[in-house]
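Pulled from Swiss-Prot:
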- ASP68: active site, proton acceptor (ACT_SITE)
- HIS64, HIS66, HIS124, ASP191: Zn(2+) 1 binding site (BINDING)
- ASP68, HIS69, ASP191, HIS250: Zn(2+) 2 binding site (BINDING)
Amino acid sequence: MPLLKLVFLGTGGAVPKSDRMLPTIYLEDWLGHRVLLDAGEGAQYRLLQIDVSPASLTLVAITHQHEDHTLGLPGLVITNKFLGGKLKVLAPRSMHKILERLGVEVSDSYEEGRFKITCVEVCHTVDACGWLFQWDVGYKLDLSKVAGLPKWALTNLIRGEAVKVGGRLITPEEVADLTHKRFRRLLYTGDTAPCPQMWKTVGEVDVLIHEATFADDVEPQKAHDEGHSTVADAVEAAKTLKADVLILTHISARYPSKERHKALADAVKPPPHIYIPDDFDTLLIKL
């Protein structure tokens with residue numbers, strides 16, 4: 001079953017609070033990939049608190065160079081070196097040279113089998129990547145079109161491979177259930193102002209993790225000039241991207257609680273279904 005596990009190790013932004021640390025999200029998929037989205041201060045300690053070894057990470061995906069997103073990275077690098085490994089890091093190209101000097105394997109994309117991560121340019125005050133995850137979950141077959149085919153043929157068709165049965169070449173597209181989505185997608189924006197050009201590049205996603213630094217008490221233009229978004233901006237992005245699930249994070253330390261954000265989110269009729277996690281909250285999502 002295509003199932004994602006998200007653990008929110010840090011849901012704040014810029015300045016930490018006792019109950020809201022800096023941006024760090026742990027993602028684990030049903031295929032066994034373990035990805036850390038940004039590495040706020042104390043990232044590896046927080047991983048250990050959820051019984052995840054820093055050495056077990058597939059990679060760390062950093063959105064941009066600002067310290068609230070990167071202060072936890074040196075510790076992860078050092079720990080991996082001590083354990084005989086080499087950390088893989090995805091980052092904007094402007095960060096590659098300095099990361100290479102740290103001795104990490106750095107890139108701006110990752111692909112393994114049916115899983116890939118790519119950088120999409122977001123609208124922040126520095127060079128920044130949103131990270132677009134895509135999983136190929138295979139085809140769902142229209143049973144009326146595959147009746148009588150052998151099991152091996154069905155397996156190959158689900159994987160996206162054409163088969164030859166009784167001299168007839170059958171492609172997955174011919175026998176697919178067209179109501180089923182083959183690709184499932186998640187986008188993590190990191191820090192961004194509203195970014196229509198990014199929305200156009202991405203198209204559609206199933207899950208959107210979008211920053212909502214501000215609620216509704218800051219002039220939208222002020223938020224945008226600082227490279228950030230409001231709750232309303234994040235909701236608009238989710239609707240444009242046709243996301244089923246919207247997760248709001250990177251909450252400013254100016255807010256003593258998330259109640260103001262929650263009130264705004266509660267006023268939105270699904271879709272999207274909106275979640276505003278606390279630190280250490282776990283969310284399981286069936287794709």
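Counting starts with 1 at the first residue shown.
Glycine is treated like the rest: Cβ placed from N, Cα and C.
Among the binding-site residues HIS64, HIS66, HIS124, none has a Cα sitting within 10 Å of the Cα of HIS250 (Zn(2+) 2 binding site).
HIS64 (Zn(2+) 1 binding site): 24 other CB atoms within 10 A of its CB, across all protein chains. The DSSP secondary structure for HIS124 (Zn(2+) 1 binding site) is coil.
Same-chain residues with CB within 8 A of the center of the HIS64, HIS66, HIS124, ASP191 CB atoms, the Zn(2+) 1 site residues themselves not counted, are THR63, GLN65, HIS69, VAL122, THR125, VAL126, ALA128, GLY190, THR192, GLY227. Same-chain neighbours of the Zn(2+) 2 site beyond ASP68, HIS69, ASP191, HIS250, judged by a C-beta within 8 angstroms of the site's C-beta center, are, in sequence order, GLY13, ALA14, LEU22, PRO23, ASP38, GLY40, THR63, HIS64, HIS66, GLY190, GLU211. Between the alpha carbons (Cα) of HIS124 (Zn(2+) 1 binding site) and ASP68 (active site, proton acceptor) lies a span of roughly 14 Å. Taking Cβ-Cβ distances under 8 Å and a sequence separation of 6 or more, the neighbours of HIS69 (Zn(2+) 2 binding site) in its chain are LEU22, PRO23, ASP38, ALA39, GLY40, ILE62, THR63, GLY190, ASP191. In the three-state DSSP scheme, ASP191 (Zn(2+) 1 binding site) falls into the coil class. Once Cβ contacts within 10 Å are tallied over all protein chains shown, the binding-site residues HIS66, HIS124, HIS250 are led by HIS250. Neighbour counts of Cβ atoms within 10 Å were taken for the recorded positions ASP68, ASP191; the minimum is at ASP68.
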